[in-house]
Amino acid sequence: MSALTPPTDMPTPTTDKITQAAMETIYLCKFRVSMDGEWLCLRELDDISLTPDPEPTHEDPNYLMANERMNLMNMAKLSIKGLIESALNLGRTLDSDYAPLQQFFVVMEHCLKHGLKAKKTFLGQNKSFWGPLELVEKLVPEAAEITASVKDLPGLKTPVGRGRAWLRLALMQKKLSEYMKALINKKELLSEFYEPNALMMEEEGAIIAGLLVGLNVIDANFCMKGEDLDSQVGVIDFSMYLKDGNSSKGSEGDGQITAILDQKNYVEELNRHLNATVNNLQAKVDALEKSNTKLTEELAVANNRIITLQEEMERVKEESSYILESNRKDVEKELELQISMRQEMELAMKMLEKDVCEKQDALVSLRQQLDDLRALKHELAFKLQSSDLGVKQKSELNSRLEEKTNQMAATIKQLEQRLRQAERGRQSAELDNRLFKQDFGDKINSLQLEVEALTRQRNQLELELKQEKERRLQNNRSIPEKGSQKPEPKMDEKHRMQEENVKLKKALEESHSGSRSSKTFKPKKNIPEGSHQYELLKHAEATLGSGNLRMAVMLPEGEDLNEWVAVNTVDFFNQINMLYGTITDFCTEESCPVMSAGPKYEYHWADGTNIKKPIKCSAPKYIDYLMTWVQDQLDDETLFPSKIGVPFPKNFMSVAKTILKRLFRVYAHIYHQHFDPVIQLQEEAHLNTSFKHFIFFVQVSWFRRPLVLVRVLHPCHQARVYHISLVYHVS
């Protein structure tokens with residue numbers, strides 16, 4: 001501030017060198033800008049009288065930068081002062097067309113551009129003061145709002161335009177001074193954008209930031225357009241602040257006096273600050289002296305306390321030694337007394353040991369007597385349990401005989417019903433025979449053969465009914481004599497029930513011979529004779545014929561698990577194929593438009609190869625897809641090898657589980673949707689037996705995990721015939 005004019009005796013540099021040094025600046029470094037009251041004075045450096053001191057020369061870059069900083073600071077003072085005075089005189093809100101306000105933004109733009117480092121890009125060097133202004137939002141959170149507004153402003157394409165918009169918004173917020181102070185105080189951040197001797201890095205920047213506080217009294221409102229801000233030419237108009245050259249020369253002395261007064265005021269203000277600092281330091285020194293004195297007094301008190309404690313400790317030591325001596329004498333006396341008492345105790349212990357030995361002998365004899373009593377008690381308890389068990393077995397045997405009698409009565413009723421149905425069938429067959437004789441004379445012989453077969457079937461059923469009645473009478477006679485006679489062995493009863501079930505199956509098959517029983521939905525899968533799988537199938541059929549389904553599904557000893565699963569899978573496929581083939585006339589596109597098992601379960605088809613995404617289809621189409629797919633899997637020698645020595649693949653068990661899970665859906669659909677036709681066809685016994693065999697096999701306990709999970713079998717939990725299949729005892 002003090003060096004407004006250089007010394008008058010300095011040598012004058014050449015104009016070319018000054019122009020070359022000031023090539024990167026917009027304003028003129030060839031002139032010295034000074035203030036004459038409220039006016040601006042421009043003086044060429046060549047006209048200023050120079051001193052003989054050779055340093056610094058005008059060619060020195062530091063001198064040129066200092067001259068530029070001084071010029072910009074003086075221009076900022078004049079523009080801020082003129083803007084405040086004109087705005088107060090105007091008495092209204094300023095807009096973007098106000099000339100002093102435009103000049104203020106031009107001066108601020110030059111101040112921010114002073115000493116700015118050039119960034120190299122592929123288009124060339126670029127100087128922009130938008131980069132430093134972006135840092136303000138990190139230092140002052142309130143500035144984030146205007147930074148975001150500038151970035152969202154439409155039409156802005158250049159960094160210079162964004163910087164100009166940021167200055168105008170900060171002035172409208174009345175926080176331009178606060179933002180500039182926060183930015184100037186972080187010189188380590190500004191060093192990335194400015195040269196060391198730039199205006200923002202020196203004291204002049206702080207002075208300008210302080211001058212901006214006065215602009216908070218101004219109200220401004222701008223209508224910003226991106227095209228206008230990008231295309232503006234930032235040139236300082238000195239004509240607003242210049243006066244005639246003669247008057248400036250005449251008032252040069254007044255300017256120097258004003259500068260001296262400014263220096264005097266600055267020195268007085270600095271002296272006042274220094275005095276305040278000295279007073280603060282003196283107050284701190286006094287406080288430290290007081291605390292030091294207090295600590296010294298506390299130290300003396302502590303030393304005195306230590307001395308008294310040492311004296312007290314010596315006294316306590318003397319007292320303790322005296323007490324120890326007296327206690328030692330007392331302890332010796334007590335020790336002698338304890339020794340005498342110990343001798344007396346030893347004598348008493350010897351006497352007690354003798355008594356203990358005598359009592360132990362008596363205790364041993366008592367324990368022997370107690371063991372004898374316990375053995376007798378256990379023998380009596382065992383006899384009691386055996387008698388109770390015999391009573392329970394007899395009562396259970398009676399109840400079983402009664403249950404079997406009831407079952408046999410129910411079986412006789414069923415046979416009578418079937419006999420009546422066979423009689424009705426015979427009558428209908430005779431009627432059909434007469435009709436056939438009338439219509440088809442050449443087919444009489446075949447129809448007569450069918451009538452004879454039905455007659456033989458009726459006679460067989462009557463014979464079975466008579467045998468069942470005789471067996472019932474024999475059982476009724478044996479019930480009153482059950483107290484004296486032993487019950488028949490359990491295996492004989494089981495054998496009779498097995499024979500009855502086999503006969504019942506044969507009767508059902510014969511009753512439907514020539515019609516539906518021989519009809520299958522898909523071709524039957526046959527296992528080659530002579531193969532090991534064929535032997536397993538025969539073993540399974542023999543075990544199934546024994547009547548015990550739980551034993552029939554058990555893995556034969558020494559057999560391969562994969563072969564056992566393969567044989568049973570083929571068997572179940574053939575059974576389901578035959579069962580569904582008998583009801584195909586009832587399961588049509590119209591009656592079963594969706595493959596379902598009740599209202600809660602609906603099945604969509606996907607095989608992973610031809611149909612990858614599950615599709616919704618009717619029940620006949622779904623079962624056709626399913627049986628075709630299963631038949632393809634069974635015919636695949638890599639999955640179901642039939643030759644001896646060919647191993648099963650690693651994924652065989654997974655494929656078998658998938659096949660059984662999907663075959664279960666056919667059972668579920670038949671039970672939920674077509675059980676009434678099954679009853680009409682008198683196939684419910686065969687369906688229940690097949691389904692029970694399937695359930696026992698997929699839930700057998702010797703698998704690591706069930707072949708079909710319980711949650712997959714849940715659709716049949718609500719089927720009305722599922723409970724019949726569980727109660728229908730084949731064994």
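Backbone N, Cα and C define each Cβ position, glycine as well.
From the options 222-270, 271-319, 320-368, the stretch TrEMBL describes as coiled coil is 271-319. Note on the coiled coil (271-319): mean pLDDT across this stretch is 89. Helix, strand and coil content of the domain 'RUN' (95-227), in residues and according to DSSP, is 85 helix, 9 strand, 39 coil. The local packing around His674 (Zn(2+) binding site), expressed as other Cβ atoms within 10 Å of its Cβ over all shown chains, amounts to 22.
One way to see the shell of the Zn(2+) site is to take the Cβ centroid of Cys587, Cys592, His669, His674; the remaining same-chain residues with a Cβ within 8 Å of it are Ile583, Phe586, Ser591, Ala619, Pro620, Ile623, Ile670, Gln673. Counting every protein chain shown, the number of other Cβ atoms lying within 10 Å of the Cβ of His669 (Zn(2+) binding site) is 24.
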